[in-house]
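Engineer: Here you go, one structure.
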Amino acid sequence: MGFPVLVIIGGIIGFSASDAVLNISSWVNPLLGIVMFAMGLTLQPVDFALVAKRPLPVLIGVFAQYVIMPLLAVFVVWILQLPAEIAAGVILVGCAPGGTSSNVVSYLSRGDVALSVTMTSISTLLAPILTPLLTLWLAGQYMPLNAGAMAISIVQMVLVPVIGGIVVRMIFPKAVTKVLGLLPWISVIAISMIVAIVVAGSREKIIEAGLLVLLAVMIHNGLGYTLGYLAGKFTGQPVASRRTIAIEVGMQNSGLAAGLAAQYMSPMSALPGAIFSVWHNLSGAILAALCRTADKRAAQKAALAEA
């Protein structure tokens, strides 16, 4: 629960001390770079070998990531009749790659962690192409968007730091291994700062539309978990893989979405990404607890049946 608490604190600081926080508004892109570099440090070339060994669950997960969440975003925009700026931001969140904390949630949920790492990695590597194109296609009617410039930004903020992290780990494996436990906390602190900056930049809009955006985020995230799990179930994946696919689909790189929205859309469009960053960490912790409870009950039933 420490991750969502830190992100919530970031949001509170951004809301209550907006003038001070706005002084560091130019830090968004460097902070995103830190998050993605930390993600790269957790990866090794062997993590991509799963694509060759078990391609089906990876393909199912990545396909669901870039189909289910964008289309769910359009559905949420339509069902709630969201204003244009918020609609564009919700769709951008839906078109983002998998969330950086999804690997931790997959582990806590007793999912397939190797699959989680591979899915996050592949969806992230595809982001410079798919995120701008899908956003332009689905959100272009709400706000003008320079997809080419966005693609370049994603390469700079995502691809370069991730690859840099992988290379650094290959060169200094022992040193990186010693700090692996700190990397999730470094990432969540950086994400919390991004949330603070985004909230500070749209403080007045939050007062007007914060509850509406929260509702949109909750529906989007919850349906993402549900349909992701069903995608795994209907394709015959084991329970651990279903859980991982659900988590990977439902949890987005909302920090990236917030940063891109702030740069290429408007402060209001960045709000869904900021709120998603808070909510999906909280919902992920709840989901992990539910999965562990379900496993415990199943084990108890099995023990009673044997007795």
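Placed from the backbone N, Cα and C atoms, the Cβ positions cover glycine too.
It should be emphasised that the depicted structure is a prediction, and the values quoted were computed from it without experimental measurement.
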Engineer: Of the ranges 86-108, 270-292, which one does TrEMBL flag as transmembrane segment?
Structural biologist: 86-108
Engineer: Under 8 Å for C-beta pairs, could you tell me which stretch among 30-51, 58-80, 86-108, 150-172, 206-232 has the largest tally with the transmembrane segment (179-200)?
Structural biologist: 30-51
Engineer: Is the transmembrane segment (115-138) in contact with the transmembrane segment (58-80), using at least 3 Cβ pairs under 8 Å (sequence separation of 6 or more) as the test?
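Structural biologist: Yes, these stretches are in contact.
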Engineer: Out of 30-51, 86-108, 115-138, 150-172, which stretch touches the transmembrane segment (206-232) the most, going by CB pairs under 8 Å?
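Structural biologist: By Cβ pairs under 8 Å, 86-108 leads among 30-51, 86-108, 115-138, 150-172.
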Engineer: For the transmembrane segment (30-51), give me same-chain residues lying six or more residues beyond its boundaries with a C-beta closer than 8 angstroms to one of its C-beta atoms, as numbers and ranges.
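Structural biologist: Contacts of the transmembrane segment (30-51) (Cβ under 8 Å, skipping residues fewer than 6 from its ends): 58, 100, 103, 114-115, 117-118, 120-122, 124, 156-158, 160-170, 176, 179-180, 183-184, 186-187, 190-191, 193-194, 255-256, 259.
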Engineer: State the non-local partners of the transmembrane segment (86-108) in its own chain: residues 6+ outside its ends, Cβ under 8 Å from one of its Cβ atoms.
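Structural biologist: Distant Cβ neighbours of the transmembrane segment (86-108) are 3, 35-36, 38-39, 42, 65-66, 69-74, 76-77, 115-117, 119-120, 123-124, 126-127, 130-131, 134-135, 138-139, 142-143, 145, 158, 184, 187-188, 191, 209, 212-213, 216-217, 220, 243-244, 247-249, 251-257, 260-261, 265, 268-273, 276, 280-281, 284-285, 287-288, 291-292.
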